[in-house]
Amino acid sequence: MKQGQGAHLSGQRIGHHPTAQMNPGDGDGNGRHQVASGHASADPELMNLRIRMTNRLIWELLSREPKLQTRPRKLVSDLAKRFEAVIYKKNPNKAAYYSILNGEIFPHLQHALSTHMAQHQQGQQMLQQLTSSSSYGTTIPIPDVVQNASGNTRALYEMDNTSGPMSNGHHHFSANFPLHSTTKGASLEMSAVSMQEGKITHMIPTPGSSNQQSLPGNFHYSTGTGYLNGKSNVMAQMQEQQAPFASKINCCPVQRDLGGYAGSGVHSDILNNSSPYGVSEAHMIDGMGLHRSNVQVINRTVVPETFINPSPYGISPNKPLQRHVNPSTRSTPTPADIAASTSFNGTGSSALSTTSYLDMTTVNSLPKSRMDSGLIMSQPTIQSFQTEYYIQTEGLDLQEKISLEQLHQQVNQLHLIQPHSQYAQNQCSLKLQQQNSLHHLVMSRGNVLTQCHLGSDHAEKLLDKRNQLHSELVSSQINEHVGLTNLQGHYEQTQYHDNYKKGQMSASSQNLGIPAPHDLLPPQQQFDDGSYRLSCFLKETYTKPLQPHCKSKPMKEVIMTSLLSGKIQDGFCQKKMARDREHHPIISGWHSAGCAATSFGSEEVMENTKQYHAQARWLLFLFHAKSCTSPPGSCKSSYCDRVRELVVHLTDCQIKDCSYRHCRESKMVSDHYKNCINEHCHVCCKAKEMLRRSSELAHKQNPAEPILITQHNMNQRSADRVHGDRMDIDQAVETFDDQPPAAKRPKLQLVSPDASENVPVCQKNPGFMLQEAHPRQLDQNKKMVPDQEVDVGLDIRHPQVTLVSCHGSDEKIGAAQNTVIPGALNKIHCHVQQETVVADKESVTVVDVKKKTGSVDVTISKTGKPKVKGVSLMELFTPEQIHEHINSLRQWIGQWVQCDKCECWQHQICALFNARRNDVEEAEYTCFKCYIEEFKRGLRMPLPESVVRGAKDLPRTLLSDHIEERLFKRLREERQERANKLKTSLDEVPGADGLVVRVVSSVDKKLEVKPHFFKILQEDNYPAEFPYKSKAILLFQKIEGVEVCLFGMYVQEYGAECKFPNQRRVYLSYLDSVKYFRPDIETVSGQALRTYVYHEILIGYLEYYKQRGFTSCYIWACPPVKGEDYILYCHPEIQKTPKSDKLRQWYLSMLQKAIKENIVVELTNLYDQFFVTAKECKIKVSAARLPYFDGDYWPGAAEDIINQLQLEGDGKLLKKGRVNKIITKRALKAAGHTDLSGNASKEAMLMQKLGEIICPIKDDLIMVHLQYSCSHCCTFMVSGRRWVCNECKSFYICDRCYNAEQRLEEKERHPSNSKCLHILHPVEIVGVSEDTKDRDIILENEIFDTRQAFLSFCQGYHYQYDTLRRAKHSTMMMLYHLHNPTGPAFVATCNVCNCDIENGQGWDFKSFERKQNQLSESRRMASVNERVRQRVAEVTRHE
């Protein structure tokens, strides 16, 4: 026998260690210790990991459940230890355990809870089997039992964890488990222990001494209630003997409510005499409000205050075990009796206490499906049943019996049965038990209340306060713009008053209702038929309506109308959801939604929940008032105008403790909403969700839309028992058991328009999302609709998304439309809740409905569009990648695309939709929600990446391969350096992945020399044009599954075939980047990793061109003007534009790395190299030596200077002074002129003026020498030898200059003006290519032909990079055009019809484009000139 199963019989000691837990379901037979305090592992590192895991679990519990912060630390610690033990048992491997510790722990916490609860339930079933085979007629008292004066033994999670043997040789039994944990709630308060453990703990059975048999429990009342069915095989005898007593008294409310309606088999009486134990009647049962001395159970044992029905040994051994009470001494019951709390204990059990009369609830509101705790009969006898059972069976007519039979059929459909604390269940026939209990249930509910005399004012006050409590709870979430007309009942006020006074309230055994808010309804209307339409928080189950004759009793139509069912409703919903959720209690409870998340009987948590609801409701009201567009006084919310004034006040109020009404409170809740980072915040969670839905649907609302029935959605939610959130609770639809079953995966049906005529249209108000609709009126001559699980929702179509959903706690959800029950009311009591939401988790598809005889033939309408693979890049994604992509999106205005499945609309940018692949608008598009659904159902798989070509599919070149090879090598080295610094492995260090470098454009071009400049230098054989190759290089990185362009640069390559002065030179024309590089970390040196990557790209480029024989590179470090873009259109707002100093330093730091690698041999600037003569330079300063590049600054400036000089010579420009006044002597000497006042050449004057402009910004004009240049002739040496001076740095001369040096006299040789001579050593020049021919193919692309062309292309199509969302889409479209170069790149839009105009079909499009490019270039030059003038002025001020 397993130790966990038979310990309580063997007498062995269990759970003696303080941290040990009894695991009845474990097969090892040992109590497993939770953490290292139990059996110690041999690995100290593992012990440390387990301690860390426990601490993290404690933190998770405290952070997700604020209520636990007020509880003792030990209780939370023990709970975490138990969860840790489950996690460790599942993951004993150290590596797996470590990954869980450092990863997302919430799923594992859910699994631990589920495992723990499963073990608990298995242990309960084992104990149940043992107790069902044993008799407890005689018990052995436990001397050390502590009697609780409050009548309740309450604990958070564990109880009775005693140690040491008892004095009589018996041992304690330890069982620790939650009994009242909630799902979708905020409470982790739990009842101490179930009744059976309490019985075993305090009363030891004595075999062979029993003379009584335990009654079996009703199978339908077994799910966590602990009640025994009072209708057993002895019910007929009891009914026969109760008639004489029934004539003497009117009723016994508590007895009938507990024993008759709830089917518990427990009966109690209210006695006038005082308790024999001297207990005050006012404090009976922990303040339940039962103002009588004692409550008796079936065996007629008087219940003292300490325990309602314990063995009397612990208090007074001399007291009799049983005491029968004279029925004639009973008093007339009051409504307070009816409002008795459910905190009744079984023998030795701990009760789920209530704290005040506000928490009192009649047990008759309990459904058969769930109860939090219950009563168990101790030693019941047939005689006691026969003498003390009072039921009146008269008054139930034929029609009611028919309704009861229908009710019985529906009850049998519930799949809510889950044994929890059912301890005596094997003595009676199940069939008779079900029939009798159900019959007795309705009789006691329907007749007892009608026969009771509610003659106490206290009862009405109690009910009023109870009503007020529920009204406040409901009104905290109901929108204020719900019209009072929707809340009107169908009955007169006098009828309500009479029914309220007499207690004639009829409800089904499954129904739980919430009255209308007291601040929205008059008191006389708070209990009519319309009141149950506001059941927005608790699930409600509606049974079949009664027969038409019930109209004489209008309150029977009100299926859910008990004012006394508040607390029971909370507990019912919590327990129901605890079993319906896929996840177990506690974990699901952290998401607090759906039901009032309070501990059963906890007034404190109830008040907190009310406060949470009020704050969230007020927050939504503030948003509504802020965005409400209705004229003043016309908003359906009567308080909108006042809150608008408050919002206006809040925008300008700066006073901390402002006295303006509601100002301070509004600031607090709004500030909390802005700063809250808790994902499970009770206030912000639902407010954010509703606001998100409202913002997405604000522009889509259109009332004229058909209604859909989405069956798959309801199948999923009904089968899994997953209920909605607190503001999204659906209502019940009728179920018909006599219809044929629905298909396994039913299709969809479109409801006819007449079925939705009475459904109101949702308001265009983003602040309030819920509205209630009237029940739909159905014709009697409609055909029956087969029983199908369906969801009622408005079609999700553009421009609004509105859902009308019906949902309940029945296992089968029937169709609510076009349905009539023969002989029943022609009204379906279905409360249609209308929501304005984006979409359900399951998508909706529009289909046609074909009505046939007795069934619905549903066919899916095909789209008829061709399936073009790769129309959306998301087709390549997995659902995880789709979620990752969607989570990174932000709201933005853009073009839209409609899903062909659910017809919802999405941004093309968010959907990564390629409109170019949908030219004829015939391509089928599937949104991500439908895509995920099809993926889950196995109807779709991610397409291979080859369907949509990406950056890797672009043509590779020698240059791109060289840069990539170097980049990846350097990234591996850098990653290893970080790993060494952190003393960890390489795999544990994040690295840059998914990088691709490609040359997207490589075309031959010619640069024409400007006419004025060419005219001046024409005599020097200056070339009229320079051939060069223009290249565009891009860097891509895959971010969240999408390739994003992060970096781009344009370069000009002037090869060996080009004439002097541009021969073998490279010009870095433009460089641009966006700040989306991942990961955003730093290198070991403290440099950003993204900067490191960009530098390596530039160094790799310089290295490649040095190997090809290029000699120098020219860089103009010129940052763009604010708002100007070089290559990529629209940069992120977080990316700052660097200043000139920062940008220059950025380039210089890159070049210093290149110098260390001997790629760059020397750095200088344009001014020092060409405008100033070096010490031993033997060449004169001339404009003909300046490298002439396309788009560079000085060629344009030189043309303007020459034009100005010509105007001065012609006398057309007023001279403001002589041009030679500021020229330096050094410059005159270098130019070879001694007098510029007269006939100075235009070239010399040009160099003078140009030098004046360039000198202040000379540091920004960087000259990079890839090869050594001669110090005498300034030419780059690419062949032969270079002569090096070991004593002088940076002195190199070529062979030609060395030969000329040798012909000079010694005093004129190097170094000049020095008496000692330096010896020069020759160095052979190797590794320089004789020609610079590019062996890469020509890559032509219209959009990347020039920088301005690509920028104009992006501007025209709004391919922006200001957000990652847009950067993904822009890169996708860029790659599409790169892979399809023959397609039209520049398409204009007609100003008349807004259609695209292809090339050749528009009017003067090319000339317009040229003018735009010229205008843009002129504007750029103007801005550059202005920036240069500002820089010159700045340098002048410093000097």
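Each Cβ is built from the backbone N, Cα and C atoms, and glycine gets one as well.
Residues annotated as region 'Disordered' in Swiss-Prot: 1-43, 313-335. Annotated compositional bias 'Polar residues' per Swiss-Prot: 325-335, in sequence order. Taken from Swiss-Prot, the feature zinc finger covers 607-687, 827-933, 1265-1328. The feature domain 'CBP/p300-type HAT' is assigned by Swiss-Prot to 948-1383, with sequence analysis given as support. The coiled coil annotation in Swiss-Prot covers 964-989, and the record cites sequence analysis as its basis. Swiss-Prot lists Leu1071, Asp1072, Ser1073, Arg1090, Thr1091, Trp1146 with the feature acetyl-CoA binding site, giving similarity to another entry as the kind of evidence. Annotation comment: Swiss-Prot describes Cys1270, Cys1273, Cys1294, Cys1297 as Zn(2+) 1 binding site. Annotation source Swiss-Prot lists Zn(2+) 2 binding site at Cys1285, Cys1288, His1310, His1318, citing sequence analysis.
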| message | A 10 Å Cβ contact count, applied to the binding-site residues Ser1073, Thr1091: which residue has the minimum? | response | Thr1091
| message | Check the DSSP secondary structure of His1310 (Zn(2+) 2 binding site), expressed as helix, strand or coil. | response | coil
| said: Other residues near the Zn(2+) 2 site, CB within 8 A of the CB centroid of Cys1285, Cys1288, His1310, His1318? | reply: Asn1286, Glu1287, Phe1291, Pro1311, Ile1319, Leu1320
| query | Using C-alpha atoms, which one of the binding-site residues Ser1073, Trp1146, His1318 comes nearest to Cys1273 (Zn(2+) 1 binding site)? | reply | His1318
| Extra residues within 8 Å (Cβ to Cβ centroid of Leu1071, Asp1072, Ser1073, Arg1090, Thr1091, Trp1146), acetyl-CoA | Phe1047, Tyr1094
| said: Is it possible to list how many residues within the zinc finger (607-687) are helical, extended or coil according to DSSP? | reply: 51 helix, 0 strand, 30 coil
| query | To test your reading of the Zn(2+) 1 site: which residues beyond Cys1270, Cys1273, Cys1294, Cys1297, same chain only, put their Cβ within 8 Å of the Cβ centroid of those residues? | reply | Ser1271, His1272, Cys1274, Thr1275, Met1277, Ile1293, Asp1295, Arg1296, Tyr1298
| message | Please list, in sequence order, the residues in the chain of Cys1294 (Zn(2+) 1 binding site) that are at least six apart in sequence and whose C-beta is under 8 Å away from its C-beta. | response | Cys1270, His1272, Cys1273, Thr1275, Met1277, Gly1280, Arg1282, Trp1283
| note | Trp1146 (acetyl-CoA binding site), DSSP three-state class -> helix
| said: I need the most crowded of these binding-site residues: Cys1285, Cys1297. Count other C-beta atoms within 10 angstroms of each C-beta and give me the top one. | reply: Cys1297
| request: Mind checking which of Leu1071, Cys1270, Cys1273 has the fewest other CB atoms within 10 A of its CB? They're the binding-site residues. | output: Cys1273
| Residue distribution over DSSP helix, strand and coil in the zinc finger (1265-1328) | 11 helix, 16 strand, 37 coil
| field | the domain 'CBP/p300-type HAT' (948-1383) [mean pLDDT, rounded to integer] | value | 87
| field | Separation of alpha carbons, Arg1090 (acetyl-CoA binding site) and Cys1285 (Zn(2+) 2 binding site) (Å) | value | 40
| request: Compute the C-alpha separation of Thr1091 (acetyl-CoA binding site) from Cys1297 (Zn(2+) 1 binding site), stating it in Å without decimals. | output: 42
| note | CB contacts under 8 angstroms to His1318 (Zn(2+) 2 binding site), restricted to the same chain and 6+ apart in sequence, sorted by sequence, are Cys1285, Asn1286, Glu1287, Cys1288, His1310, Pro1311
| task | Check each residue in the chain of Arg1090 (acetyl-CoA binding site) that is at least six apart in sequence and keep those whose C-beta is under 8 Å from its C-beta; list them in sequence order. | result | Leu1046, Ser1073, Lys1075, Phe1077, Asp1080
| Cys1297 (Zn(2+) 1 binding site) and Asp1072 (acetyl-CoA binding site), Cα-Cα, nearest whole angstrom | 42
